[in-house]
Amino acid sequence: MTNEAHKSHSLRKRRGNGLQKATLNSTPVSLKENVPQQKRNHFHLDLWFWLTLQNWVLDFGRPIVMIILPLKWFPLNKPSAGDYFHMAYNVITPFLMLKLIERSPKALPRSAVYICIITFVMGASIHLVGDSINHRLILSGYQLHLSVRENPIIKNLQPATLIDSFELLYFYDEQLGHLMWYIPFFIVLTLYFSGSFTKAKKQESMPISGWLLLGPSALYYWYLATEGQITELFFLTFLAMVTILISKRRRGLRPDQNGSFLFCSFAAASAAGGAVGGVSVERPGAA
């Protein structure tokens, strides 16, 4: 009887210890799930603010800083101030986009997001190199209104195959680099928008901070579409958002504050583009 009682006591002790460990382990997991969920439900002022600020400073301000700062500070065989701005943009932007995806109310396809972010960084880096060399060519007399082969500083190069190399550079900078940069950028934003819908009885209104950021955000998207000559891609992205919005609303879903902010930014940028008749900053192409 003593041995049986001892075995029974040991069994109850092991069960008690197992239950205690399960209880202790379940609490942190619960907190890990709840804390991010709380962050996902409110307006992401920090991310939207920094994303808008760095877009204006590092992207829009890149050519401006190259004009303001003395050329002698940045020799032609060294990176320019604009190059450093571009490098910072290539690091900060994908980081902020990944943080934005992390706060999505719904889990998004990780593989698609990772591929888009990797392609975005690769395309922006290609553009960095091409744009940097083009800037130095302009300082050396390259004329933007002429094609590569018609430019005086290039058309007489020997051997003639060097001209093909400059045309390849132009292709990487103005075509391949832009497409690999902007297409994944808009895909990630569309994926985030598709995951921002929740079952709510009424539309969540944006906070005042969201309305204050809406103007600068929309204006930057309009600049991005016109300066980058990707007006068609921008409107296709906005059309995809409208389609998603209609489809989700039929199922009783509504975008949260962040989804509404993103959609309103694109809507305002589209309205601005329509108001000016789709004017874009033309860049001469290679012949």
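The chain as shown is numbered from 1 upward.
Each residue, glycine too, has its Cβ placed from N, Cα and C.
Pulled from TrEMBL:
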- 47-69: transmembrane segment (TRANSMEM)
- 84-101: transmembrane segment (TRANSMEM)
- 113-130: transmembrane segment (TRANSMEM)
- 176-194: transmembrane segment (TRANSMEM)
- 206-224: transmembrane segment (TRANSMEM)
- 230-247: transmembrane segment (TRANSMEM)
- 259-281: transmembrane segment (TRANSMEM)
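Across 47-69, 176-194, 230-247, the stretch most heavily in contact with the transmembrane segment (206-224), judged by Cβ pairs under 8 Å, is 47-69. For the transmembrane segment (84-101), the neighbouring stretch richest in Cβ pairs under 8 Å, chosen from 47-69, 113-130, 176-194, 230-247, is 47-69. Looking at 47-69, 176-194, 230-247, the range that has the most CB pairs within less than 8 A of the transmembrane segment (113-130) turns out to be 176-194. Counting only same-chain residues 6+ beyond the ends of the transmembrane segment (47-69), those with a CB under 8 A from a CB of the stretch are 80-82, 85-86, 88-89, 92-93, 96-97, 99-100, 103, 135, 209-210, 213, 216-217, 220, 223-224, 258, 261.
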